[in-house]
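**Student:** A single structure is presented below for examination.
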C-alpha cells in the first residue's frame, strides 16, 4: 500500500508539472504569434518605406538630371556671355545701342542664373537631407529587422525545445501511466491474495483459539484432578522452586564478570602506581628528603601512602573471587552472589584508607602553597587539586554505598526492595561516569601543575620524572574508570533485567537461606537428570540435512505447479476412463452380436437342406404375406429393461437374443473393474500413508531447522554485540593512547623549552664569568 501511495504521489507531481509546462507553452505560443504579427506589420512598414525610398530616389534622379541640364545651360550661357563680351569689345565702337541691349540681356541672364544657382543649392540641400534621413531610417529598420529576426529565431528555438520537452514528458508520463496501471493491477491482485490470506489466517486463528481453549480446559481439569498440592500462592514455598537454567545467560554473565575483572585489575594497578608515586613526590617537593628533613605532615602522609597495597590489592582479589563464583552450573542472581559482600567490604576498607589520607593530602597541598617557591599560578593549580581530591573521595563514598546496597540481598534481603535494584545499577553507572569526569579534571590540573613545577629554580630531574610517572598513572586510572563506566552503561539493561529470581510481581528478595536451599535442590535435580540421561541416537549428518533442506525448499516451491498438473491429469484420466468403459461395452455387445449371427447362419444352412422345391412353390404366396408382417414386426423395436439399464433391440423371426446372457457379461465386466479399482485404491492408501509419514518427518525437520535458525540468530546478535563492545573498547584505548601521546609530546616540548632556557642561562653565565675574568685581568 505504501508503494501505491508513493506511485500516486509521483504521478500527481508529474501531472502538476505537465499542467505547468502546458500553461507555459500556451503563453509562449501567444508570444510567438504576437511576435509573428509584429514582424508581419514591420515587413509591411518596410515595404512602404522601400516604396517611399524608391520614390525619393526617382525624385533625386530627376533632380540630378535637371541639375545637370541647368549646369549645361549655365555653361552655355557663360560661353555665350564670354562670346558676347569678346564681340562687345570688338564692336564697342560700332553700336552703343547694341551694348545697352546686351547689358540688359546680361542682367537678365545674371538674375536668371542666380535664381537657378539658388534653386540648385536648395535642391542639393533637400537631396542631402533626404538621403541622410533615408540612410538613417534604413539603418534603424535594418537593426529592428535583425532584432526581430533574432527574437523570432530564439522564440522558434524555445518553441522547438518546449515541444520536444513536452513530447518527451508526455511519453514519459504515458510510460509511467502504463507502468502505474500495471503496478496497480499487480497490487490489486496482491491485495486480493492478501485478503484471501487474511481470511485464511483468521480462520486458522479461530481454529487455534478453539484448540487452545479446549487444551486449556483439559489442562485445568487435569490440574484440578491430578494436582492436589498447589503452592504457587506461598512465597516461602516459591522461594524453594528451582528456576529455569539458562546456560547462555550464565556464560554471558561470566564473560561480563571477566571483563569487569580485567578493568578492575587495570584500575588497581593504576591506583598502586598513583599512591606510590604520590608518596615519592611528598618526599621530594617542596623539600627534598635527601638534602633536608621534610615536614612531619609529609612524613605521616608518606607513611600512610606506603600502606596503599594493603588496601588496594584486596579489591582485585574480591573481584577475582566473584568471577570464580560465577560458573556455568550455578544460578547467579543477587540472592546467590555471596562474594559480592566481600568485594563491598574490600571497597569499604579502601574508602577508609582514602578518608584517612585525604586530610594529609589536603594539608600537603596547602603546605606547598605556603612555600616560598610556589607562584600564584601554582597556588591556583594546587587549590583546584584540593577541590578535586575532595570530590574524588565523595564519589568513591557514593560508589561504596551503592555496591553495599547490591550486596544486601545475599545477606540482609529486607534492606533492599526488588523494585529498587535497577535504580541502584543506574546510580552505579552514573557514579562511575562522575568519577571518570573527576579524574579527567585531576589529570588536566596535575599536568598544568607539573609544567609549572618544572619552572621552579630548585626543580630536579627526579621531580620531573616523578611528575611524569604520576601523570601516566592518573591517565591509566582515567582510562580504566572510563572503560568500566562505558562497560557498565552498555550492559545496564542486562544487569537490571535478570539479576533476581522468585515469583513475578514480588517486592522483596528471597532470603539467603532459601536461595542456598534452592541451589542444593538444583544440584540434586541435575544429578537426577544425569542419572536419567540416556545416550542420544545417531542423528542425521549435517551435509545430508542441508541436502534434505534444499530438496524440501525446492519441493515446496514447485508444489503448487505440481498440484495443478496433478489436477489436470486426474481430469484427463477420468475422461479417458469413461471413454474406455463406453468402448469396452460396445466391444462386448458387438462380440455378442457376432456370435448370434454365426449361430443363425449355421441353423439356417442345416434347416433348409431337406426342403423340396414343391414346398417352396406352394408356400410362396403364404410366405410373401408373412414376410410383410415379419418385416413390420422386425422393424418394430423391442425394449428390454434389467438391473443394469434399458436396451432397445430389433428382433428377427428366427430367434430373439438372450438378454440374460448379455446381463451376465456386463456384470462380469463390472465385477472385474471393481476388483481392479479396489486394488488401485489399496495401493493409493498405502502410498498416502507413506507420504503422510514423510510429511510428518519433513515437518519435524522444518521445526528443528527453525529452532536452529533462531539459535543462530541469537548467536549472531551476541557476536554483533561483542563486536560493538570490542570496537568501543578499541576506540577508548585509542583515545587514551592518543591523549597519552599528546601529553607526552607536550611534556617533551616543555622539556625542550626548559633545556633551551637552561642552556641560554648557562651561556649567559659563561659570558658573564668571562667578562668578569677579563675585568679582573685588566685590573
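Placement of Cβ uses the backbone N, Cα and C atoms for every residue, glycine included.
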**Student:** Have a look at 740-759, 760-779 and point to the one annotated region 'Disordered' in Swiss-Prot.
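**Tutor:** Of the candidate stretches, Swiss-Prot labels 760-779 as region 'Disordered'.
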**Student:** If Swiss-Prot is the reference, give me the range from 612-637, 638-663, 664-689 marked as region 'Disordered'.
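**Tutor:** In Swiss-Prot, the region 'Disordered' feature sits at 612-637.
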**Student:** Pick from 43-63, 64-84, 85-105: which range does Swiss-Prot record as region 'Disordered'?
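**Tutor:** Range annotated as region 'Disordered' by Swiss-Prot: 85-105.
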**Student:** Across the whole of the coiled coil (556-614), what does the mean pLDDT come to? Round it, please.
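**Tutor:** Within the coiled coil (556-614), the model's average pLDDT equals 76.
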